[in-house]
């Protein structure tokens, strides 16, 4: 049986006129649509029922046949087939054109395919197509040239001179069709290949482009003359509907207008041809027909667009596909789904980690079919119809059934914007009163949700498989780690931290200080009867079993710490339990701040896995809320204490600045130096005031507690409240040298207030711009890496990359340990001192192995990397390493490309927009933040280019009055000199050794330059470390492997330089694995291999260069992608995720992979019988 959804690939091509007629159910002859009185479609019109099918189910046009029993009969009066009205969504019609017209995509696109295949310029082509010039089709004996253009006057003269029959010339699409018809693709291809060998420069480029088009037609089996249309397909009427509005007027799709113009002009042309009208009139009509068809296919591509009422350009067929509102992005990639609801969220502190509160009204609507089925099953209702009535009337017994149905049926909660995969998680629903969804407070961080009016959507997984996946893979309790860096995302926040912090504080001289208790329980009891304070330092005897015998020891602690440790497993490895002295201590014997809580959760996850961790998190949550209420930490203005030292520090600063000004006035220092020193001094003073302030605050000061615990606020905010606001930036980003001396407690004067407003306003503007930019970056990243999926266990490569710590100047940005954890080694790691193998090749490195390698003093390690993976589609599990979200080895089928894109895109909003103005760099500022990331991923030439050394050697600096020059002397005596522009800072000193590709001046490097000097590996390493620098400086951790996935996609293509004996065309881009395969094929029969150079594409270019035309067309430049794909007769192999979503198949990742889909469960009957037999005997 042929199943519609069961196919492996999809191909696109040019449609021949025969094919179009075959699709069609009849010719549309009249421009009429619907009769406005009877509201029935006109016969042979654009909505004709005879062609497209009946408007109403099982009812013909004239009403002779009604009811389903006449199914399939064609009415003898009106000719309409009695069938479902749904066929009006799939049946097509056609229009027979009286004169051929050209297809605007192939004539007007860049490059013009029609122009290339005919070897004509698009301008000449336009003159012919739009009846401005004649073209010579066959010169016969005359001295005219083939394809020569003649204007009206020249044509007349030629006819007079040589006679009417002596040559053939024509105009319009007919002439072009004749020329296209004459082309012999095989000979053209051979001729062009010969020409290619002799030519060079611009001519060569043109020949390569022509050859590409000719080869596309030759290989795909498309006929070039099909670029000229004789028959136009008419799309089904329900896809271009016409509906009646309240006032009796009609609203219609723009396509109907465009089709109507084509039909009108076509019919008029037919009439003129029948009448034998003069040539000039016919010609004008043909030109109008050509323009009407152009507008229908792509309105506005040539000339002024056809406008509807109110000067609005009409939406043509191309516009239906393009852009965010087009078919691809609006209906195919994102659909509205049934079984969903949305509501406001409120906090649910009483919920367990895996639960959410679902309003009753919403639940009954969502679970309606399930409730109805259960009612019938339990015999409460007799049939489905009465069950439906019961649910709609909301009878009391329905609620009981709902409770049962809901019991183990997870729901998905989603909050827009869904920036990473933690934006959709599964929860076990609990019915609640009211109309708001209740959300667990620990799930807020992942969703980035707060309760100031946020809304969330609920979706219901229907099938058993979907429910299983939701429960095992998406349940909130299992999503504890962040996929981007493997750190816990469910860290307690705000009140929970504050409560835990309060609980683990200690206070000298509190009530009951120094008392001793015989056990934990006695100490807790003493606290409950208010004999001792929760922060009092007391002595408690602790018991634990060592080798089967009970031992005890008195330790110093507080009741708060005892209570806090009740909910924490006592074997997280924070205390060395082997050492007898320490082994009785509490696991958490320190202040619980946001950082330390994160560490506790991390340890718990590594030791005990997700289930225990989620239980511990719920306990911490309950404790935190309880004790933050008991602690009752509040803020009053009396808590903001201005330190006494402040005024002394300010005075001292003023004196220093006076000295600096004096030096400047005497000409010892330049203005720039003065500015820098002033800024430096004020920065230092502000810092000193802040430090003095933090030292002077009591540790029970509520503001200090909030900031120190990490619950809310930061040191810099306290500095502004009680210290001084410090330096401000002007709107341009330059720092103003007058600081704000006041704090908010003392109050700002008018000038200070005015200076403050700059920053605030710029901040708001930046945030708005940043969100859009960040979203667009994520979209491009997803598009470039969406088809990267873990496809196999091991690709068997011996290659890898060397990693060492990433530095910015002297500051370590990413440690080596962090780069090793969860990766596989690419060679044996040998201890440099003893020569022992510390870690064998191709083995997984856990944190312990990484520590061992780093502590042995090894600075550079060769690891398996996505860069060097030999997997043709996707990557292999060994080259990828650990799954950051589970801290285990990655599973086959994981969509690592999407995860990489989300991990890089999600923190995009946190990156600042600012381009920083660093003093002293003349002219060009160094871009930072989001624009810098974008610049790197798009592989653009950066602003503020650095000068790069092309060779390795020793640097020498020569200064003359006019300029500075750096000369690099290579080991082999080769010299390169670089002129340094005025105002640039040097990065090298006299007689420094520089490597090839090192920067000589400050600034950013063009990645393409690095590629030409250091090769593809150098470029990849550069991109990786540069992107890491931007993110790390903002305090965002992203694991290397995510960046590797994207950078690998940017460097996959090879540009053919010389084709050798292969079928590859010079100048074309090809996937590197296809390139190696083709070369291997040629090598087998001893031919000459092709030569190519690796290219670095920006993410937009790389996304458009994918093998899948569906994915590329739905990304950007839809018409261009489809034009090219149609000419090449491209086949989309459906390997990525996007193309499968578009055609409605399961995505080939996770359980949708073929290896999982093709599993069959078979029972071995003998085995079953044996087991049954054994059970019976027992």
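Easy rule for this one: first residue shown is 1, then count along the chain.
Using N, Cα and C of the backbone, Cβ positions are placed for all residues, glycine too.
According to Swiss-Prot, the feature Zn(2+) 1 binding site maps to 60, 62, 75, 78. All protein chains considered, the CB of residue 75 (Zn(2+) 1 binding site) has 20 other CB atoms within 10 Å.
For 450, 452, 454, the entry in Swiss-Prot reads Mg(2+) binding site. Around residue 452 (Mg(2+) binding site), taking its Cβ as the centre, 5 other Cβ atoms fall within 10 Å, counting all chains.
The Zn(2+) 2 binding site feature in Swiss-Prot is assigned to 795, 869, 876, 879. According to its DSSP assignment, residue 795 (Zn(2+) 2 binding site) is coil. If you draw a 10 Å sphere around the CB of residue 795 (Zn(2+) 2 binding site), it holds 19 other CB atoms from the protein chains shown.
The record gives 795, 869, 876, 879 for Zn(2+) 2. Within 8 Å of the mean position of their Cβ atoms, the other Cβ atoms in that chain belong to 792, 794, 797, 864, 866, 868, 870, 871, 875, 877, 878, 880. Looking only at Cα atoms, residue 869 (Zn(2+) 2 binding site) sits nearest to 450 among the binding-site residues 62, 78, 450, 452. In sequence order, 345, 449, 451, 453 are the same-chain residues whose CB sits within 8 A of the CB centroid of 450, 452, 454, the residues recorded for Mg(2+) being left out. When the C-alpha distances from residue 62 (Zn(2+) 1 binding site) to the binding-site residues 450, 454, 795, 876 are tabulated, the minimum falls on 454. Distance between Cα atoms for residue 75 (Zn(2+) 1 binding site) and residue 454 (Mg(2+) binding site): 57 Å, as a whole number. It is 44 Å from the Cα atom of residue 452 (Mg(2+) binding site) to that of residue 879 (Zn(2+) 2 binding site). When secondary structure is read from DSSP and collapsed to three states, residue 879 (Zn(2+) 2 binding site) falls in the helix class. Neighbour density around each Cβ, counted as other Cβ atoms within 10 Å, peaks among the binding-site residues 450, 454 at 454. Residue 78 (Zn(2+) 1 binding site) has 454 as its nearest neighbour among the binding-site residues 450, 454, 795, 876, 879, going by CA to CA distance. Summary: among the binding-site residues (60, 62, 869, 876, 879), the fewest other C-beta atoms within 10 A of the C-beta are counted at 62.
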